[in-house]
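S.K.: Mind having a look at this structure? Questions to follow.
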Amino acid sequence: MKLFGSSGIRGIVNTEVTPELALKVGLVLGSRKKTAVIGRDPRVSAPMIEHALVAGLTAAGCDVTKAGMVTTPTLAYAARKYECGVMVTASHNPSEYVGIKLWNPDGMAFDSAQQEEIEEAIEKENFSRVTWDLIGKIAEDENAIRDHMDMIEGLVGKSKLRVVLDCGCGAGSTITPYLLQELGCEIITLNSQPDGHFPARNPEPNDQNLSLLKKAVVAFGADLGIAHDGDADRMMAVDEKGNFVSGDELLAIFGRFECGDKKGSVVVPVDTSLMVDDYLEGSEIIRTRVGDVYVAEGIKQCKAIYGGEPSGSWIFPKISYCPDGIYAAAKLVEIVNEKKLSELRAELPIYATKRGALPCANEKKAEFMKRAKSKLEPLGKVLDIDGIRVELENGWVLVRPSGTEAKVRITAEARENVDGIYEMAEKIVKEALK
């Protein structure tokens with residue numbers, strides 16, 4: 001039984017993720033942990049799933065503390081005082097989705113082995129219910145948000161920037177506006193009232209969904225625009241000219257400030273731009289599978305200084321292995337207080353990228369990847385942890401099966417002549433598809 005993806009358990013509410021499933025997750029977890037803290041994002045279905053989880057946890061004898069509506073990084077930080085953390089969220093997915101994400105006390109999401117143990121236990125109904133006198137107690141933590149804010153304020157300096165903040169009607173509304181105000185910023189808020197219908201925009205903070213933020217930054221003469229997804233584990237930005245800042249650019253900028261003169265290791269997924277390698281020259285760039293869980297695991301294994309994903313997940317291991325969009329927002333404000341974001345972007349090398357896809361039946365993907373690898377290997381150094389990435393003298397190409405569609409995706413990036421690299425890769429892929 002496969003329940004967990006790269007972002008925990010996630011699916012359409014009452015179809016793929018049901019109260020019955022949540023009850024079983026709670027029973028399995030409660031049979032193995034004595035204490036847990038649970039939180040939820042604003043989506044309409046979250047209280048229902050939370051109640052089912054709490055019922056399962058306490059029925060198995062686990063004491064549960066409810067943190068209420070909080071961001072995922074707030075919940076992951078609160079987990080340090082318990083044996084595990086449980087977050088009800090579907091992150092950047094639309095309203096009809098709901099999910100369950102599980103956290104260790106160090107802020108690391110449950111790893112593959114822990115996930116498989118839960119899946120197997122649910123399938124075999126390997127859990128226990130305690131007698132009435134051993135049922136777990138339920139308490140509330142009213143200080144989870146304050147504790148998270150205090151931790152960040154102890155690490156980040158103050159500034160007087162004017163910031164437009166778009167929380168996307170998500171859980172970030174409960175913390176980021178107040179944190180940035182306490183750090184001295186003048187805050188102009190957009191969509192910063194929690195609403196699980198996400199009426200203002202799609203929760204994913206990408207260029208397409210942030211048109212209002214881009215206009216507002218210019219209209220208000222702001223120094224910076226910041227946006228979150230539904231649970232604020234992600235953070236994206238707009239510069240003072242109203243331009244969306246790409247994830248690769250933010251990854252590089254944060255990396256420069258985190259590494260400083262230490263030139264340590266930085267962990268990124270396989271589809272990250274060469275910009276990061278070149279801008280962070282002297283630092284070791286380690287690549288993992290796509291997914292913030294895998295980036296976090298890589299950071300922990302390599303004792304890296306920093307890591308992140310261009311999708312907007314920034315991981316600072318000095319505070320947690322959970323992507324923390326709240327800390328990232330405060331840190332970016334501190335950085336931009338010293339130098340305009342547009343000026344920081346101007347320092348970055350920009351390379352051309354080209355993407356495409358070709359049809360490939362799902363049942364043929366495994367065999368296709370074998371053939372593609374044999375044809376791509378002569379071109380350069382191959383990294384095959386997530387698709388096939390080939391390092392070329394002037395760039396790289398990544399061939400990766402889609403996880404959601406009957407397609408294989410091709411991505412090419414080059415310091416020059418990206419069309420030539422892409423066409424070469426496309427020709428090889430077409431041959432491997434025959």
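Glycine is treated like the rest: Cβ placed from N, Cα and C.
Since the structure is predicted, the reported quantities are computational estimates derived from the model, not experimental observations.
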S.K.: Which residue of SER91, SER95, SER374 does Swiss-Prot report at the same Mg(2+) site as ASP229, ASP231, ASP233?
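M.R.: Mg(2+) site check in Swiss-Prot: besides ASP229, ASP231, ASP233, the record includes SER91 out of SER91, SER95, SER374.
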S.K.: If I take the alpha carbons of SER91 (active site, phosphoserine intermediate) and ASP231 (Mg(2+) binding site), what is the distance between them in whole Å?
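M.R.: Roughly 5 Å, rounded to the nearest whole number.
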S.K.: With every protein chain in view, how many other Cβ atoms are within 10 Å of the Cβ of SER91 (active site, phosphoserine intermediate)?
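M.R.: The Cβ of SER91 (active site, phosphoserine intermediate) has 25 Cβ neighbours within 10 Å.
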S.K.: If I restrict to non-local contacts, at least six residues apart, and a C-beta distance under 8 angstroms, what lies near ASP231 (Mg(2+) binding site) in its own chain?
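M.R.: Counting only residues 6 or more apart in sequence, the Cβ neighbours of ASP231 (Mg(2+) binding site) under 8 Å are ASP41, THR71, THR72, MET87, THR89, SER91, GLY170, ALA171, GLY172.
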S.K.: Relative to the Cβ position of ASP233 (Mg(2+) binding site), how many further Cβ atoms are located within 10 Å?
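M.R.: There are 33 of them.
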